[in-house]
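Swiss-Prot annotations:
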REGION    27-41  region 'Nonhelical region (NC2)'
REGION    42-1456  region 'Triple-helical region'
REGION    49-1459  region 'Disordered'
COMPBIAS  52-61  compositional bias 'Low complexity'
COMPBIAS  188-212  compositional bias 'Pro residues'
COMPBIAS  246-257  compositional bias 'Basic and acidic residues'
COMPBIAS  284-305  compositional bias 'Basic and acidic residues'
COMPBIAS  413-430  compositional bias 'Low complexity'
COMPBIAS  848-859  compositional bias 'Pro residues'
COMPBIAS  868-880  compositional bias 'Pro residues'
COMPBIAS  912-931  compositional bias 'Low complexity'
COMPBIAS  983-999  compositional bias 'Low complexity'
COMPBIAS  1139-1148  compositional bias 'Pro residues'
COMPBIAS  1149-1158  compositional bias 'Gly residues'
COMPBIAS  1295-1308  compositional bias 'Low complexity'
DOMAIN    1461-1685  domain 'Collagen IV NC1'
DISULFID  CYS1476-CYS1567  disulfide bond
DISULFID  CYS1509-CYS1564  disulfide bond
DISULFID  CYS1521-CYS1527  disulfide bond
DISULFID  CYS1586-CYS1681  disulfide bond
DISULFID  CYS1620-CYS1678  disulfide bond
DISULFID  CYS1632-CYS1638  disulfide bond
Amino acid sequence: MKLRGVSLAAGLFLLALSLWGQPAEAAACYGCSPGSKCDCSGIKGEKGERGFPGLEGHPGLPGFPGPEGPPGPRGQKGDDGIPGPPGPKGIRGPPGLPGFPGTPGLPGMPGHDGAPGPQGIPGCNGTKGERGFPGSPGFPGLQGPPGPPGIPGMKGEPGSIIMSSLPGPKGNPGYPGPPGIQGLPGPTGIPGPIGPPGPPGLMGPPGPPGLPGPKGNMGLNFQGPKGEKGEQGLQGPPGPPGQISEQKRPIDVEFQKGDQGLPGDRGPPGPPGIRGPPGPPGGEKGEKGEQGEPGKRGKPGKDGENGQPGIPGLPGDPGYPGEPGRDGEKGQKGDTGPPGPPGLVIPRPGTGITIGEKGNIGLPGLPGEKGERGFPGIQGPPGLPGPPGAAVMGPPGPPGFPGERGQKGDEGPPGISIPGPPGLDGQPGAPGLPGPPGPAGPHIPPSDEICEPGPPGPPGSPGDKGLQGEQGVKGDKGDTCFNCIGTGISGPPGQPGLPGLPGPPGSLGFPGQKGEKGQAGATGPKGLPGIPGAPGAPGFPGSKGEPGDILTFPGMKGDKGELGSPGAPGLPGLPGTPGQDGLPGLPGPKGEPGGITFKGERGPPGNPGLPGLPGNIGPMGPPGFGPPGPVGEKGIQGVAGNPGQPGIPGPKGDPGQTITQPGKPGLPGNPGRDGDVGLPGDPGLPGQPGLPGIPGSKGEPGIPGIGLPGPPGPKGFPGIPGPPGAPGTPGRIGLEGPPGPPGFPGPKGEPGFALPGPPGPPGLPGFKGALGPKGDRGFPGPPGPPGRTGLDGLPGPKGDVGPNGQPGPMGPPGLPGIGVQGPPGPPGIPGPIGQPGLHGIPGEKGDPGPPGLDVPGPPGERGSPGIPGAPGPIGPPGSPGLPGKAGASGFPGTKGEMGMMGPPGPPGPLGIPGRSGVPGLKGDDGLQGQPGLPGPTGEKGSKGEPGLPGPPGPMDPNLLGSKGEKGEPGLPGIPGVSGPKGYQGLPGDPGQPGLSGQPGLPGPPGPKGNPGLPGQPGLIGPPGLKGTIGDMGFPGPQGVEGPPGPSGVPGQPGSPGLPGQKGDKGDPGISSIGLPGLPGPKGEPGLPGYPGNPGIKGSVGDPGLPGLPGTPGAKGQPGLPGFPGTPGPPGPKGISGPPGNPGLPGEPGPVGGGGHPGQPGPPGEKGKPGQDGIPGPAGQKGEPGQPGFGNPGPPGLPGLSGQKGDGGLPGIPGNPGLPGPKGEPGFHGFPGVQGPPGPPGSPGPALEGPKGNPGPQGPPGRPGLPGPEGPPGLPGNGGIKGEKGNPGQPGLPGLPGLKGDQGPPGLQGNPGRPGLNGMKGDPGLPGVPGFPGMKGPSGVPGSAGPEGEPGLIGPPGPPGLPGPSGQSIIIKGDAGPPGIPGQPGLKGLPGPQGPQGLPGPTGPPGDPGRNGLPGFDGAGGRKGDPGLPGQPGTRGLDGPPGPDGLQGPPGPPGTSSVAHGFLITRHSQTTDAPQCPQGTLQVYEGFSLLYVQGNKRAHGQDLGTAGSCLRRFSTMPFMFCNINNVCNFASRNDYSYWLSTPEPMPMSMQPLKGQSIQPFISRCAVCEAPAVVIAVHSQTIQIPHCPQGWDSLWIGYSFMMHTSAGAEGSGQALASPGSCLEEFRSAPFIECHGRGTCNYYANSYSFWLATVDVSDMFSKPQSETLKAGDLRTRISRCQVCMKRT
């Protein structure tokens, strides 16, 4: 608006200058009489040099308001407003073109589990291949015949068990299964017979007695070693006397071998006796006794270690089906086996399926979610007639073909003309017919000195009204009058004129463009009923109707019957309630063709008669033969007329086609009372159709009954015309009138500002140019006049429901419907009308439901548009209908909102040139008008093709011939060869002016003239103002690759930017081990810890020094009674005994201090650029930078000629220079850039001189020398932005400038070389899907079109050839401190691409790139190698305090310490909540959450923290939100993963739902510990010891990491208690989904810390596959320890 105000002010200032300067010019002609010879014009001098800018003038008067400006740029997004009331539903816009293909949608919900594939043939254990993508589980195959024993394959997936009543064939021997759960001891069996004695075993050497071992650790979950020997039992009762060999000699005792006695029961232990003296030495060892009888069955011993697998035994008898075993580890992928034979279907015996009766109809459920779009169903039978639609006229259909000429209608009564309020002044009208010849004016002798014309005279008296002339040719559109001076006061309305004589019939025009939709007219009174027409032929199937309401009555429940044959038609039902007025009836039949009237010869003109009455509408003329004419301008909206009298019904017409236009939905009516329900009658025999009855008077509205809707009633007679309506609203401003006759040239004005002038007149059509580039989308043109009604098109698809129509008149009351009296329901709130749903497939016949309440249900969601059905058959074309009478004009509609800019449509075909109209008579010249104010800048005119110059016309010096009739455009000639330019001719003498002839009477239309020669090219219009920024266009096609631009001078360094956001998580780096850092400095000694509880006994240490003599041991078991020996003398001292037992382990040394911090490692590689983000709003234009300090580079090569710039603002006018002598013609110079248009020249003589012959061509001139540089002018206002020039040639490289501010992101370059795999990035925000451009078809190459706008900057060219290698090797210096930010340098030209230098040192990480658009989902990557163990994470924040736990047992008295607590979480991996360890307090208990996965990204919980123990379980515990303040829950393909229990999966392997999930979810407890808790891992199968001063809380297995869907997952910090699970399972977690199901899947993996032998630490790990039963032999053990307080 500011710009418009400036241009207005400048225009008014110019006007003031021109008015003020007129007396000076008039003085040059002072005293000239009309007959004298004054030379007032002077000799026109050469065009002077542009003067210096003049002083700024005074501000002008305020200008008139300018035309409405173009739409401004989109403003910034405002704050959210208060939600307004719901507005009325807008008018449905026309359907848009099909959009571009959208970006691929987000992944859908996972499909149902596929059927398992057949079991493959076990292959050999191959070498471990690359990890493949996880396959889907196959179906279990049938048991095949036993093959020859192959090499044992890897363990397969557990197969399904098919229960069969018959015993199967004998199976192959299985591998040893894992040990089962220990059963209850069975009853004692009958002792079996004594077996034969086995062969004697080899005698083993007796082993030395071992030392007593230390007490072992807590046992493992699997079979441990045999326990220690128990304590001495009580003394048993005395046994039966044994057979003792006689004593032969007192000393030389010899025992004879006795028989084996029966084992006695164990007696109670006797009291310990007093230690006796040492007994005499016993006798010699007797012989080994014979094998005793087997004793009773002992107690079950502890489980031994797993033995080695034995040799496969012979096949045993088939066993009973075992319990399902635990899931084994997933084996390696075997080779693909050959396809197996087709399996047999083994039905399960004894399970017949009986189909029960159909249940009662249920209560209506809640509206379901919107389903997926289904496939189109098969074509159903035609539905019942739908209820009558609202009587609202739909939008006009497409123009049909012209119908045959109809009969002339009867003359209607004259309408009542209600004058409206006076409209605004219209544009100047077309010139009227010439009046009678006026008196001759004064004769002006021919002379070369013509004075300026005098002031305009008074208006003349109006002439007599002439005859109505033929329709003249439509004139060119006149120039738009911007800033017209003066607003006339509207005059009073004139008297209505007398009717004119009937005009001759016009020729048939072609359909124009569709006009704007008018407002709906006022509803007329109800018409009389019309005579019913004869039934039409059956039409084609209409579009699918709305589903009708189904009212059913309760009956007895029957079985579903077979489909019966069609019954006879029933008796006519009772009359239904009258429907709303129906759509207009079918058109009548084709009438007889009328006679063709020919136009008679034109008679001599008679005297003007009084205007006659308006004639009847003439018969339609014969169709024209020419091609369609151009689109006409939109007509003025007329005032609504009164409805006409009813016409006589036409005779029967051929059946027409019905196009159903959906009307607007009506307002909801008030609910009526329930009617009495009658019993349904039996169907009667079909009766004959009765005659139509006389319409009854309008009754009171009846009570609506419950019943099926009746068929639509017959169309009523047209109604009696209503009273005249109220005066209409004032009409719109009329069309722009044709241009007036040209005035005489005005006096020379002051040099104006070089504002752009209006565009020149259009030239004659040039030769057809080649198809130019596709232009920008223009603003919508004015609507054309309404086209003629076309033939009915084929039925279109059913449209969406339109807006509500006006309520129709109240119909007569209907008869009471039949129905059962329902109970009165509570009044419901009427819901809005829902969208019509698709027809479903007919379901089974349901039981009749109870009658529903008359309450509209809640609106359903709008369904997805269905897939287009198969096209119906094309029906035969209907006969053309009679032309309808002109309807009353509707009220002007409100202008619709400007629609969104549509995508560019395809270029339409070239139209056929129209026939020329009858030439109009030339009008008289008008009086000279005042010069208008300069108009605003027009739109930039398109450059016209130059026409061929015409030859000079014959010249009569006395008479100036009148303008000849415009001939038909000639066919385009073949372009001639370009000849050499002729020499410049001398200017000819001006010719004598001719006398003005009197205008003749209108002649008859002349014959068709010969084609005229092409006219002179029009003047080049000034450039228009820069248009406003349009809406974002769709992506254009790929431009032609532009030439590489010149290199820019490096800018100055900018200020240090703000720290960037956190970069994306990189991909895993190349697995290499970084250099270890230097040891850090020793830390300060810590505070002394709290004394801990006694630790578990340590493992066996190295042999210690000989211990002190031990204390006397416990009494041994009593030996056999010895015989007393003789006491011997004391012997000498014996030799030293063996070393004693190892001593207790020593105290561990103090903890060392922390090391020095290591040096930082080398910087990592630069991460890959992130995905494109959502495009931000357009940034504000930056301020211009300061001039740089760089030295100017050498001058670049001359650039190509730039495109024409826009005209600048005028400078201050300078003093006029003296006219110099005209120089000789120079040599032909290079073409210069076209300058702005010059000021208008002085007026020439008022008479047209003859056109001179073209002069001979002058020799080409030499280029002139460049003039000296002038002084700089005053700074002008900011010019309008010129068009973007073409890129120049590359200049020489400039000096490097300082680094500039960070610019906006550039266009995406060509892809570089593939970088190394970066680390995996965090997920980017999802980008907005772009519109992918569709590649258009290649056009036919045409001849060169006019010069197009410069194209968009092409993508960067390919890299140039490598230049010579550089010389200096850059060595990275130490980074200096950041300097003061310099001024930004001017952007230099880009230099040519230099050679590839040597690789420099790794630079610092770059600025984060903008998020890219989301790419398409790539294929799943291969699983990477496990990364190095990460550093333990920092401890998380303490959670909020939970509710008080149960009262714990009283703790031991603690030492005084500062009160502090640490939260840990213990997971039971069962359905029972775990107990908190001793010394901790329970905070709360919950369910064990392992990790969640959303938007294909996983986020894990540390199982040792409280965050992994959610107090409530849900298969989808989270939801996701976006930037639009919208959150979605359980509506996407997201997952949650929970620790699971040992509960086996059901045999069907179906996903778990509902309450069946609960047994599979592990429970957990959050405990508060008084000190820090850590986990220690042994990396062996031995349980590690807690550090000294720490107490054990629990032991377990070292759980490290887990992955599942999409190879996503998370892991545990090995220092956290969450990395030490108390139970090992190969599948320790279960996957749950947002749809409420959980299941185990084959792509779920758990990762456990493995055992490492000390000797194998730095050698290559050996591949190994462990089967079930051996899994725990390679899994590291761990212990969770708490610091002793």
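A Cβ is built for glycine as well, from the same backbone N, Cα and C atoms used for every other residue.
CYS1638 (disulfide bond) has CYS1564 as its nearest neighbour among the disulfide-bonded residues CYS1527, CYS1564, CYS1586, going by CA to CA distance. Across all of the region 'Nonhelical region (NC2)' (27-41), the predicted model scores a mean pLDDT of 52. Residues in the compositional bias 'Low complexity' (52-61) partition by DSSP class (helix H, G, I; strand E, B; coil) as 0 helix, 0 strand, 10 coil. There are 27 other Cβ atoms within 10 Å of the Cβ belonging to CYS1564 (disulfide bond).
Cα distances from CYS1476 (disulfide bond) to the disulfide-bonded residues CYS1521, CYS1527, CYS1564 are smallest for CYS1564. Of CYS1527, CYS1586, CYS1681, all annotated as disulfide-bonded residues, the residue with the shortest Cα distance to CYS1564 (disulfide bond) is CYS1681. Taking Cα separation as the measure, CYS1509 (disulfide bond) is nearest to CYS1620 of the disulfide-bonded residues CYS1521, CYS1586, CYS1620, CYS1678, CYS1681. For the disulfide-bonded residues CYS1476, CYS1586, CYS1681, the greatest number of Cβ atoms within 10 Å around a candidate Cβ is found at CYS1681. Checked against CYS1632 (disulfide bond), the disulfide-bonded residues CYS1586, CYS1678, CYS1681 differ in C-alpha distance, with CYS1678 being the nearest. In this structure the alpha carbons, written CA, of CYS1567 (disulfide bond) and CYS1681 (disulfide bond) are 14 Å apart. In three-state terms derived from DSSP, CYS1476 (disulfide bond) belongs to neither a helical nor a strand segment and is classed as coil. Here the CA atom of CYS1620 (disulfide bond) lies 35 Å from the CA atom of CYS1521 (disulfide bond). Taking the Cβ of CYS1620 (disulfide bond) as reference, residues of its chain lying under 8 Å away and at least six apart in sequence are, in sequence order, ALA1575, HIS1577, TRP1594, ILE1595, GLY1596, TYR1597, SER1598, PHE1599, CYS1678, GLN1679, VAL1680. When other Cβ atoms within 10 Å of the Cβ of CYS1678 (disulfide bond) are tallied across all protein chains shown, the result is 26. A distance of 43 Å separates the Cα atom of CYS1681 (disulfide bond) from that of CYS1527 (disulfide bond). Cβ-based crowding with a 10 Å cutoff singles out CYS1638 as the top-ranked of the disulfide-bonded residues CYS1527, CYS1638. Around CYS1567 (disulfide bond), taking its Cβ as the centre, 28 other Cβ atoms fall within 10 Å, counting all chains. A sphere of 10 angstroms centred on the C-beta of CYS1521 (disulfide bond) encloses 10 other C-beta atoms. Counted within 10 Å of its Cβ, the other Cβ atoms near CYS1632 (disulfide bond) come to 26, all protein chains included. In the three-state DSSP scheme, CYS1564 (disulfide bond) falls into the strand class.
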